[in-house]
Amino acid sequence: MRTLWIVAVCLMGVEGHLTQFGDMINKKTGTFGLLSYVYYGCYCGLGGKGKPQDATDRCCFVHDCCYGTVNGCDPKLSTYSYSFQNGDIVCGDDDPCLRAVCECDRVAAICFGENMNTYDKKYMLYSFFDCMEESEKC
């Protein structure tokens, strides 16, 4: 419980894109987005290595790969425009880099929603030391 409190305090200062991504996750899963996924499995959160532990963790792996294709802005810091229309996330930026970041986040949020049945609390706050298998390629 103490660790979750620390994570919550750290996230209170998060601005811009990460709060946008959390909002997308919340809309698609009904969960408190960032807290539910920030340190889940081997790929959700900062960095990532090893083998994705389940379909939820694979959503994060694919999200990391997507960020790796973004050029011209920092995916973790860029603020983009988006809206929710009839339950769908719609990215609305004219800037190609910001639109790409939004699309990465949109696809990941949808993936989390589609794979909620694989979410397993044993992978919350998962140890980095359990992610030592060879990493897959994007």
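Glycine is no exception: its Cβ is also placed from the backbone N, Cα and C atoms.
The annotation signal peptide is assigned in Swiss-Prot to 1-16.
Per Swiss-Prot, the feature disulfide bond maps to Cys42-Cys131 (among others). In the three-state DSSP scheme, Cys42 (disulfide bond) is classed as coil.
Annotated Ca(2+) binding site per Swiss-Prot: Tyr43, Gly45, Gly47, Asp64, in sequence order, evidence recorded as similarity to another entry. In this view, Tyr43 (Ca(2+) binding site) is surrounded by 27 other Cβ atoms within 10 Å of its Cβ, with every protein chain counted.
Around Cys44 (disulfide bond), the same-chain residues six or more apart in sequence whose CB sits under 8 Å from its CB are Tyr37, Val38, Thr56, Asp57, Cys59, Cys60, listed in sequence order. Summarising the annotation, Swiss-Prot assigns disulfide bond to Cys44-Cys60 (among others).
Per Swiss-Prot, disulfide bond is recorded for Cys59-Cys111 (among others), and the stated evidence type is similarity to another entry. In sequence order, Arg58, Cys59, Val62, His63 constitute the residues six or more apart from Cys111 (disulfide bond) in its chain with CB-CB distances below 8 Å.
Look at His63 (active site): DSSP puts it in a helix. The active site annotation in Swiss-Prot covers His63 (among others) and is backed by similarity to another entry.
Under the three-state DSSP scheme, Cys138 (disulfide bond) falls in the coil class. Residues or ranges marked as disulfide bond by Swiss-Prot: Cys65-Cys138 (among others).
In sequence order, His63, Cys66, Tyr67, Val70, Pro75 are the residues of the chain that are 6 or more apart from Cys104 (disulfide bond) and have a CB within less than 8 Å of its CB. In the three-state DSSP scheme, Cys104 (disulfide bond) is classed as helix. For Cys66-Cys104 (among others), the entry in Swiss-Prot reads disulfide bond.
DSSP assigns Cys73 (disulfide bond) to coil, not to a helix or a strand. Annotated disulfide bond per Swiss-Prot: Cys73-Cys97 (among others), in sequence order, evidence recorded as similarity to another entry.
Swiss-Prot lists Cys91-Cys102 (among others) with the feature disulfide bond. In the shown protein chains, 26 other C-beta atoms lie within 10 A of the C-beta of Cys102 (disulfide bond).
Taken from Swiss-Prot, the feature active site applies to Asp105 (among others). Around Asp105 (active site), taking its Cβ as the centre, 26 other Cβ atoms fall within 10 Å, counting all chains.
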Recorded positions near Cys138 (disulfide bond): from Gly47, Asp64, Asp105, Cα within 10 Å gives Asp64
Most isolated by CB count within 10 A, of the disulfide-bonded residues Cys42, Cys60, Cys65, Cys66, Cys138, is Cys138
Note: in the chain of Gly45 (Ca(2+) binding site), residues six or more apart in sequence with C-beta under 8 angstroms of its C-beta are Tyr37, Val38, Tyr39, Cys60
